[in-house]
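Copied over from Swiss-Prot:
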- 1-25: signal peptide (SIGNAL)
- 33-74: domain 'Anaphylatoxin-like 1' (DOMAIN)
- 75-109: domain 'Anaphylatoxin-like 2' (DOMAIN)
- 96: N-linked glycosylation site (CARBOHYD)
- 110-142: domain 'Anaphylatoxin-like 3' (DOMAIN)
- 177-216: domain 'EGF-like 1' (DOMAIN)
- 217-262: domain 'EGF-like 2' (DOMAIN)
- 263-308: domain 'EGF-like 3' (DOMAIN)
- 309-356: domain 'EGF-like 4' (DOMAIN)
- 357-399: domain 'EGF-like 5' (DOMAIN)
- 357-441: region 'Self-association and FN1-binding' (REGION)
- 400-441: domain 'EGF-like 6' (DOMAIN)
- 442-481: domain 'EGF-like 7' (DOMAIN)
- 482-525: domain 'EGF-like 8' (DOMAIN)
- 526-579: domain 'EGF-like 9' (DOMAIN)
- 536: N-linked glycosylation site (CARBOHYD)
- 540: N-linked glycosylation site (CARBOHYD)
């Protein structure tokens, strides 16, 4: 029984089946299903697209298994024929599935072993542990070599002559006559006889299904048992997997069979474009054309293969020493000494190789007066006023310029202060000077932690705020005070049971017994003592979980009724059903219209707000096989409806008649009542049979 969450009611889905079963169509026989699978295998040589002829699970399994078994016979016959003709198996290149290649080579190898045993004069009865099917092929090929007959393991294998053996010979010669795995046995892949029974197993890459007979492919890509590396994608195949490279290899590389990138040797494959006078040299991902002709020292080969002179004088590393000039020659160069003469304002450098400017401004005797600045130029100099000064033609001196007065509002973003020869900018409170010395940028006051908790910087100021569960003090605007969430108008809805305020937050608690705090730390979650086995019910009692506790009830079937198997578990609620079971010749029991008597338990909360009827139980029944317009189902509450707190209405849902039990009045828990519900099947005004449901209703004192 599903528990209510919040203010939503619990809805019980109780399925009561009518005694008269619906008519079913006749299923196909197992032989017909198998014949269809064999026919498909002979015609298409594949079973993956096998069309199923019936919705029956048994028929589908039979059809698929017979198709696979027939394919295995085809593959095995092909392997035996290949071994008989070629005397080897490795040269066969199968283009079909891995499964075909597996059965082909298995029977081919086993046949070669039998032929070898016949040639060596050994017994045709295999004493190796090679498996049942391999043993049959081994013996057939060995006997074939002795008798000169063709080998066949299938009734319809093409171009094979059958070896007919009488029943007496079969009983004398075939040691596998009473083998449980004879003919492949019931197993889909591998079968091992244990004497009194058999054991099925699967090939590598497959796993045995729960039925112990069939095998299914293991998806190594999902189970993580593949060996694909980084940059590769695992692709599942039948019985195995393969690794596929995620990205292409790029120009100059090719993808190998093992999904690796291999360099393409363009020189070896002849895909290069080197001219006849060049030699192709392979490089990783490309190639290089190297000329056949080698040039002498002082020359270099051009794109056409011609040798041209190298101008050493244009090299970044000057080949000649200081004071000498480089002169290029054919295949070499020469160095020639320089003897310059300097004009006014220049002089020779220390090496005497070239003329350099004389810096008059760097001499101890300043050529310019006080307040001026000397500016050197090539071969001369000039005197100018320093930055921040202007030349006064009257006094012939440089005087300070008041930039703040001359360019008001254009130099500084906030405040301008004049200084001799310059000025500086300042900012108002809440700002600081930028790196350009003129602009003002916001000062992040939060870096000095002025607030007790959190600080938000704003343009030119800052704002204090508090973490969740606190509020800013109205006194100083800096300190944070705890918020009592439990005292807020919505505090009664924060926790489902009880709210306890703590600094900066709150805690929810639940009743001391029967409940635990839910993962959201707000709602209370019922503890199912029956599932946890923390109840104290005796062996003869049944534990029923209710909200906040449990009840031990001893529910027995009345006379002429028996329990229908084990107790039915429906969504955390036990339902006990008693079915009528009459003694022989008990006419009164047979005529009693009551067919089933059920007991179930439902737990409800005390609804905080009850504004409309709450649907709590659904009684569903399948209408009997007679026409619906000749039968009617009447639902009724016959006992336990205290204060008319419940009613039952009839509804039609999905072709079924449903009785909906509703709570129509508010009930304050704790409260316990037993509703006796009747579901009467009426035909022609007469009750044909009746089902009784006893619903034990427990109302919790809490709303959750």
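Cβ from N, Cα, C; glycine included.
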Using a 10 Å radius around its CB, how many other CB atoms surround residue 540 (N-linked glycosylation site)? 8
Same chain, outside the domain 'EGF-like 6' (400-441) by at least 6, Cβ under 8 Å from its Cβ: which residues? 386-390, 460-461
Tell me the Cβ contacts of residue 536 (N-linked glycosylation site) under 8 Å, same chain only and six or more apart in sequence, or just say none. 552
DSSP-assigned states of the domain 'EGF-like 5' (357-399) in counts, ordered helix, strand, coil: 3 helix, 20 strand, 20 coil
Check residue 540 (N-linked glycosylation site) against DSSP and tell me helix, strand or coil, would you? coil
Taking every residue in the domain 'EGF-like 9' (526-579), the average pLDDT works out to 83
